[in-house]
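If you look up TrEMBL, you'll see A:81-131 marked as domain 'NADH-Ubiquinone oxidoreductase (complex I) chain 5 N-terminal'. For A:149-438, the entry in TrEMBL reads domain 'NADH:quinone oxidoreductase/Mrp antiporter transmembrane'. Feature annotation from TrEMBL assigns transmembrane segment to A:12-33, A:130-147, A:153-172, A:184-206, A:226-245, A:266-284, A:296-317, A:324-345, A:432-455, A:509-529, A:556-575, A:653-674 (among others).
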Amino acid sequence: MDSITYAPATGALSSMWLLVAIPALSATVLLLLGRRADKWGHWLGVASVLASFVLGVTYFLQLRGIDGTGNKSLSVDLFEFIHIGDLNVSVGLLFDPLTAVFVLLITGVGFLIHLYAVGYMSHDPGRRRFFAYFNLFVAAMLLLVLGDNYVMLYAGWEGVGLASYLLISFWSDRPAAATAGKKAFLINRVGDVGFALAIFLMFATFGTTNYADVFNGVLASEAGQTVSAGVLLAMGLLLLLGACGKSGQFPLQTWLPDAMEGPTPVSALIHAATMVTAGVYMIARSQVIFNANETAQTVVVSIGALTLLIGCVIGCAKDGIKRVLAYSTVSQIGYMFLAVGLGGGAYALGIIHLLAHGFFKAGLFLGAGSVMHGMKDQEDIRRFGGLWKYMRITWATFGLGYLAIIGIPPLSGFFTKDPIILAAFNREGWTGWLFGSAALLGAGLTAFYMTRLFVLTFHGRPRWQKEGEGGAHAASATDAHGAHADAHGAAIARTEDGRDIQHPHESPWIMTVPLMLLAVGSVAAGWLMSTSVVDWLTPVFGEHEEGHAHLTHTQVTIATVAVTVLGVALGYLLFRGGTSLVEQPARTHLVRAARNNLYADRFNELVFELPGRLLTRALVWVDNRGVDGIVNGLAAAFGGGSGRLRRLQTGYVRTYALSILSGAFLIVAALLAVRLG
Amino acid sequence: MTPDYYLILAAVLFTIGAVGVLVRRNAIVVFMCVELMLNAANLTLVTFARINGSLDGQIMAFFVMVVAAAEVVIGLAIIMSIFRSRRSASVDDANLLKY
Amino acid sequence: MNDIQLPAIDYAALLPMLIVFGAACVGILVEAFAPRGWRFVIQVSLTIGGLVAGLVAIIVNRDLEITTIGGAVTVDGPGLFLQGAIIILGIVSLGLIAERRLERGGPFVAEAAHAANSDGDKRQEREPGATEVFPLTLFAIAGMMLFCVSGDLLTMFVALEVFSLPLYLLCGLARRRRLISQEAALKYFLLGAFASAFFLYGVALLYGYAGTVSLTGIREGVLQSEQSGILLAAGLALLAIGLLFKAAAVPFHVWTPDVYQGAPTPVTALMAACTKAAAFGGLLRVFNVAFETTAWDWQPVLATVAILTMVVGSILAVAQTDIKRLLAYSSVANAGYLLVGVVSLNGAVGSSLFYLIAYGFSVLGAFAMVTLVRDSEGEATHLSRWAGLGKGSPLFSALFTFLMLGFAGIPLTSGFTSKFALFSSAWDSDQSVLVIVGVLSSVVLAFPYLKVVVLLWLNPPGEETPTVSVPSMLTRAVIFAGVAVTFVLGVAPSFLLDIVADAGPFLAK
C-alpha cells in the first residue's frame, strides 16, 4: 500500500468541528440552565442532533463531490494540544469515507432515538438531564470517529464511557442500575488500560500518535524491518483489548447485557449507534497495524467467532426481552470483529454489517421499549404473548427488524451477514472451515432465539392476564384502542380501570414514527450497502481481489438460508404454543393449560433441547460465575483489601513512627544491597 | 583514639533516639528522643569535619542547633496546647483521627 | 581565621525570596504594633502584595541561571518555575485562608492558647480569628521557595524546617473541632521532626562521604571519593526518607490522611498544593543534580516506592468515608505518579513540573469546595452527608463533579493531559513498568472519585443534608481558578508545556 496522506480540508468541511461542538454545546446548556430548561430542554437535545445530522449529510455530499482520483481523506488541524519533548499531539479532525458513514449512522440513528426518547421519557422528572447526557454521548462518539490521531480517539473513547456510565445508572434508585453502571465503567476501564498502553507504545515506537504518521511508520517498517514484529503484535493486542472492552467482546462482554438497566433508549443508543461500534471502528481504522501482523488478526477473528457463538447460545437461555437483544448485539458485534479480523476486502463487510445492524438493532430495541411501555415495564417474554393484536405498528416494525437480523432475503441482514460468512469460509487453510462453520452455526442459532423472542412476545396465547379474566376482555380491549396508535385513549382507559397490564396499548406517534423509519432502513439499506457503501469505502481499505476460495457465493447463500429457515422452523414449532418453561407459580391454571403442550413437547425437549440446554447452562454459568465472577471478585477484592488496609491506619503516632522506621530500614537495606551486592 | 568510635557512638545514639520515639508515650519524651537523633547527626557532622580536616561540619552543627531550638519552641507550644485541652501528654491518647 | 571570606551574594537572584521573607517579618511587626481592628486588612494586603511582588521578581529573573552565596542557592529554570508555581498556588490558597464570610471570624481560632471546650474557648467563638496565620503562611511559602533552589543540603535542611514549622502551627489553629486540629498538629509535628532527623543524619553521612554538602560537590564526589560506598548508600537512603515523608510516599505517608483531615481546610489545601510542589521540587533537584550519576543504584528502590505509593494510595482511597481523607489518599497516589517522574530523571522534569501545577490547582479547587458544605457543626466532611447535594445545589455539584473527573483523568481536563504528558515522558525514559502500574492504579483511583459523583447526583438526600454556603469573592475566586485551570490545561495545555520546556534541566554545575 502507498503511503497515507491526508489533504487539508477546504470549504464547508473546514468547519467540521461543528459536528462535535453542537451536541456538546447543547449538553452544556442543558446542564447549566438546570430546571429553567425543563420545559423545552428535550427539544433542544433533539434539534442539536438533527443539526449535526444535516451537517453530516452536507459534508458527506461534499466528500462525494470529489472525483475518483482526488484524496478523499480530509483533515483539519485545529490547534496544538500537547507538546512536550518529542511528543506533539494536536487537536485535529479527519473526515474520510469511513468517518463519513459513522457520522451519518451516529447522527441519523441517534436522531431517531432522541426523538423516540422524547416520548419514552415523557413522564420522567429527569428528562432534561437525560437529554443532556444523551447529547454528551453523541458528542463524545462523534469526537471518537472524527479525531485524526489516537489521543483524540482516546478522548472520545473515555467520553463515551463516562456518558454511558451516567446513562446506565440513570435510574439509580434501582440498585441493579447502579451496579450495572459501575460494572460497565469498570470493564471499560480495563479495556481503556490496554488502549492507553497501546498509545504510549506507539509514541515510544513512532514518536507520534497521528494516524497518518503511525500507519506510514508501520508500512515503512514492513519494508525495512525497522520495528520488531513483537512490538507490532503488542500494539495490535493492546488495541484489541481496548476494543473488546468497548464493544463487549469476549472476555469483557458481561457489562453489555447488564447495561439494560438503563432506560431503553439508552440501550438502543449504546447498541446501535454508539459505544459498541467504537471497537469495530478502532480496528477498522487501525487496519494498517492489524494487516502488518497476522497473529493479531487471527486473535481478532478468533475472538469474533467465539463471541458470536457465546452471544447466540446465551441469547437462547434468557427471558428478558432486552437481555436477549443485548446478547444478540454481543453476537452481531462478534460477526463484525470476525469480518474486520479477516482483513482485506472483509473490512468493508464488517462496516456495512455495522451500519445495517445500527438500523435493525435500534428498531428492535425501540420496539422492545414500545412493548414495555405498553406493558407497564414488564420485560419477561414468558409473560407476553399475543401482543400483535394490540400494538400493530410495533409488531410490524419489530417483525421487519427480526427478519433483518436473522438474514432473510431481501432484508438488510441478508446482504451484510451472508458475505461475512462467505469471507470466513474463504480464509486460507483449515481455519477457514472452522470460522466459516462458526459463523454459519451462529446464523442458525440467531434465527432460533430471535424466533423464540418474536413468537413468545407477539403470538400465541396472551400470558399476561390475571386469573379469571379471559379472552373476552382482551377482545374488548382490542376494540377500544388496540388497532389505533392512540396513546390518549389508552391513557384514559388506564385511568378508568387502573389495571393497566390488562390493556396493552400502542405507543404515541413520537415513538412509532422512529420505529417506522428504522424499519424502512432495515428493509431498504441492505442492498444499497452491499454495493455502493463497499465502493464508497474503497479509498480507505484499498482494492482487494477475490483470491482463494473454498466455497462459492451461491453455496454459502443456500447454506445460510437453509440454516436460518431451520432455526426459524424449530423456534416456531417449539414456542408457538407459548413457553414450556413456565416457572411462575402464580399462574397455576395457565400451568395446567400448558401441560398438554408440555407432554407433546417432551419428545422434542429430550432430543433437541436437552443437550442444547445443558450447553447453554454451562455457558451461562461461565458467563455469570467465570468472567463476571472475576470482575466482581476483583472489585470486591479492592474494596475488601481497602477496608482491611485501612485498619493499619490506627491513629497512634507510635504506629506511624514504626511504619516510617521500618520503611527507612528497608530502604537503607535495599540501597546497601544494590550498592554492595 | 580513632574518630571512627565517635561515628559508632553517633549511630548508637541515633538508634536509641529512633527506638525511643517508638516506645515512649509521653509527647515530651518522644520529642526529646527526636532531639537525641538530631544531636547524633550533629556528632556525626563534627566527627567528619575532624576526619576531613574542614570546618564546614562544625558550622553545620551550629545551624542544626539553631533550627532544633526553633523546633523546640514550636513543639512545646503544640504539646502545651494539646495538654491543656486533654489533661494528658500521652501520644496514645491523641487518637481521634484514624482509619 | 583569615581564610574565611565572605562569599559573593547576587541579591537580584535572591530578590523573590527576600521580598517574601521581608513581608513575613513586617507581618510580625504588624501583629505587634497595628491596632487590632486594622490588622486583618493590613495583613491580607501585605501578604498578597508581598507574594505578587515576589512573583514579579521571579518573572523578571526568568532567564537567570546562577549559583550564589557560596553555592547555597542555585537559581535555574526549574527552580524559578517551582518558585513561581508555589507563589501562585500560595496566592490562590490565601483566598481560602482569608475567607471570613463562611464562618464568622474566619476558619482560624482567635486565641489558640485557650484549651478546647473550656469557658474561655466558648467566649472566643465569636471573636475574629488570629491574624498571625498570614505571616506564618508567608514564612512557609518563603521556606518552600528556598527549598526548591537550595544548592546544598544544609540550606535544604534549614529551608525544610522553615517551611515545616509554620505548617505544624497552622494545622493546630482550626476554629471548629479543635481537638482533632490539635491532634493533627501534634502528629504532624512529631512525625515531621522524626523524618527531618533522618534527613539530617543522611546529610551528615553524605558529608562524610563527599567532604561537602553541596549538591554538585556530591555529584563529583561520587566519581572520586575514596570513602566507603556504605556511607553514600546509607546517606542517600536517609536523605530520601526525609524528602519522601514530605512528598507523602508510602510507607512514609501515614501522617497524610490524619493531618489532612484534622487541619483547617485552607491549610490542608495549602499543604496539598504548595508543600507537594516544594517536596517534589526538592526531590527532583536532589536526584537530578546530586545523584544522577548513581542512578542505577537508587532507581530500582525508588521505583519500588513509586509502585507502592501508587497502589496503596489508590486502593486505600476506595474505602474512605470522609472527603478530606479521600483527597488525602488521592494526594498519596498522585505522589506516586510524580515519583514516576522523579525516577525518569531528566526526561520527565518538564512534565513533572506541569503535573505539579495542574494537580495543585485542581486540589485547591476541590478543598475550596469542601469548605462550602456546612452544617451547624462547621464543615460536614463525611461523605454520607454529601448524598443528594446535586438536587439542591446543582452548580456546586456540577463544578465538584468536574474536578472529580479531572482527578480521574478524563480527557478535556488537566488530569488527563498531565498524566498523559508524565506517563509518555516516563515511557520514553524506559520506565514502562512504572507507566503500566500507573495506568492501572489510575483505573482503581477513578472509583472513589466516581463514588463521590454518584453520591452527589444519584443518591437520595439524607435526613439532614448540609447546606452549601455562599462564600465571599475570595473563595469564589479560588474555586473559579481551580476549575478554570483544570479545564484550560485540559484543552489547551501547550502554553504551559512550552514554559516548562523552556525552563530546561536543573543546573548541575
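Placement of Cβ uses the backbone N, Cα and C atoms for every residue, glycine included.
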Long-range environment of the transmembrane segment (A:184-206) - Cβ separation under 8 angstroms, sequence gap at least 6: 87, 150-151, 154, 157-158, 161-162, 164-165, 168, 213-214, 217-218, 227, 231, 234-235, 237-246, 252, 254-256, 258-259, 282, 631, 635
Surrounding residues of the transmembrane segment (A:509-529) on its own chain - C-beta under 8 Å, 6+ positions past either end: 109, 112-113, 115-116, 118-120, 352, 355-356, 359-360, 362-363, 366-367, 369-370, 373, 393-394, 396-398, 400-401, 404, 410-416, 485, 487
Positions on the same chain near the transmembrane segment (A:556-575), where near means CB under 8 A and six or more residues out: 406-409, 414, 417-418, 421-422, 425, 436, 440-441, 443-452, 455-456, 460, 601, 604, 608-609
For the domain 'NADH-Ubiquinone oxidoreductase (complex I) chain 5 N-terminal' (A:81-131), residues assigned helix / strand / coil by DSSP: 29 helix, 13 strand, 9 coil
Residue numbers, six or more beyond the limits of the transmembrane segment (A:12-33), whose CB comes under 8 Å of its CB atoms: 41, 44-45, 47-49, 51-52, 55-56, 58-59, 62-63, 74, 76, 78, 93, 95, 103, 107, 128-129, 131-133, 135-136, 138-139, 142-143, 146
